[in-house]
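I'd like to ask some things about the structure below.
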Amino acid sequence: MYRLLFSQVLRRLDAEAVHHATVRALALLSTLPLLKRLLHRALAPSDPALRVTAFGVHFPGPLGLAAGFDKDAACAEALSAFGFGHVEVGTITAHAQPGNPRPRLFRDVRRRAVINRMGFNNAGAQAAARRLRRTRGVPVVVGVNIGKTKVVPESEAAADYVTSAKELAPLADYLVVNVSSPNTPGLRNLQAVELLRPLLAAVKEVADSTPRRTPLLVKIAPDLADDDVDAVADLALELGLDGIIATNTTIRHSGETGGLSGRPLKERSIEVLRRLRARVGDRLTLVSVGGVEDVDDVWERLLAGATLVQGYTGMIYEGPLWASRIHRGLSRRLRRHATTVPELIGRTAPDRSQG
Ligand SMILES: Cc1cc2nc3c(=O)[nH]c(=O)nc-3n(C[C@H](O)[C@H](O)[C@H](O)COP(=O)(O)O)c2cc1C
């Protein structure tokens, strides 16, 4: 049904207009407690075999929505009701900003991909905090992804992230430092260990100071050289971070300017996951994202050492029931193999880290 709607109608409409209409509809749904609860009962993962615990947080299923869809924390509850095991909101910056000029979101239907150069359009950390403080009608695990405000120079980046962290860490189930989006000039330079160390250390101090100690992760680009992936992994261990999210979109493509997501990203995303697992073993939680489309993909990432898996582009092509269908299919496969998600994690990964 969604495929028909997509091929006949949605793909002919402006991608960003469809996106905003969807977020508005989901935000409206978030205000309708009964419908939200009914949907949650029908669609949210409920099989105990799907449950997984990471950095002290309980997730009802391993598949979550990647950052960039719910940039302003407007509809996380509705997304949870549609079957996502967690929702990563953001990227949120300390100050509100409009992002890049439109058009800035493009579908590449043939390759099952998307290119975006949104540029962190969002209403800022205070507005997001107000939304996150609203009481919740259905259970939802919310990760909060923070980034640098565009006009803030690199030399003041750490202070800018700290402003967002102070506002949002107390409201987050986990916090993510995003240094890997390609659409804020210079942002990815912050992945260099000399710049990343003080930045992560400063945000960690804030995350550690919340009443529950908020888990902290860093999100990296697929375009890092292998040695740099290792260097970030070592740094994450050194600083006592909780995990790494790999990967963001890639700039290695020949289409519109911007970051490419979806199927073409799959191979490199898995490669980075395997590399990270070989380096850190189970000492960090690895969250795998990039080109996840179906149950096979989730299964493969879990075996390769991911504790959690995320997707965004898959939902654009498969529709709102995407996460629910994957969790259901995963549940059936787990039963056939008489196993559970926690038992699968890292089963095909190399024995132990050398690091
Ligand atoms: C339209 C769009 C906007 C995105 N915005 C963000 C963002 O604000 N912050 C972020 O960390 N990642 C962002 N991403 C990257 C996704 O979170 C994810 O890492 C990437 O798309 C790969 O996953 P996928 O192939 O399942 O889409 C965005 C992706 C898309 C398609």
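Glycine is no exception: its Cβ is also placed from the backbone N, Cα and C atoms.
Worth saying up front: this structure is predicted, and the values here are computed from it rather than measured.
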For the FMN site that TrEMBL lists with Ala67, Gly68, Phe69, Asp70, Lys71, Thr91, Asn178, Lys219, Thr247, Gly262, Gly291, Tyr312, Thr313, give the additional residue from the candidates Asn116, Asn145.
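Answer, per TrEMBL (FMN site with Ala67, Gly68, Phe69, Asp70, Lys71, Thr91, Asn178, Lys219, Thr247, Gly262, Gly291, Tyr312, Thr313), from Asn116, Asn145: Asn145.
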For the C-alpha pair, I'd like the distance in angstrom between Gly119 (substrate binding site) and Ser181 (active site, nucleophile), rounded off.
8
Given the binding-site residues Lys71, Arg117, Lys219, and counting only Cβ atoms in the protein chains shown, which has the most within 10 Å of its Cβ?
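Selected residue: Lys219.
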Looking at Cβ-Cβ distances, which residues of the chain lie under 8 angstroms from Ala67 (FMN binding site) while being 6 or more apart from it?
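Within the chain, Ala67 (FMN binding site) has Cβ neighbours under 8 Å at Glu88, Val89, Gly90, Thr91, Gly143, Asn145, Val176, Asn178, Lys219, Tyr312.
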Near ligand 1, meaning Cβ under 6 Å from any of its atoms: which of the binding-site residues Arg117, Gly119, Tyr312 fit that description?
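The binding-site residues passing the 6 Å Cβ test are Tyr312.
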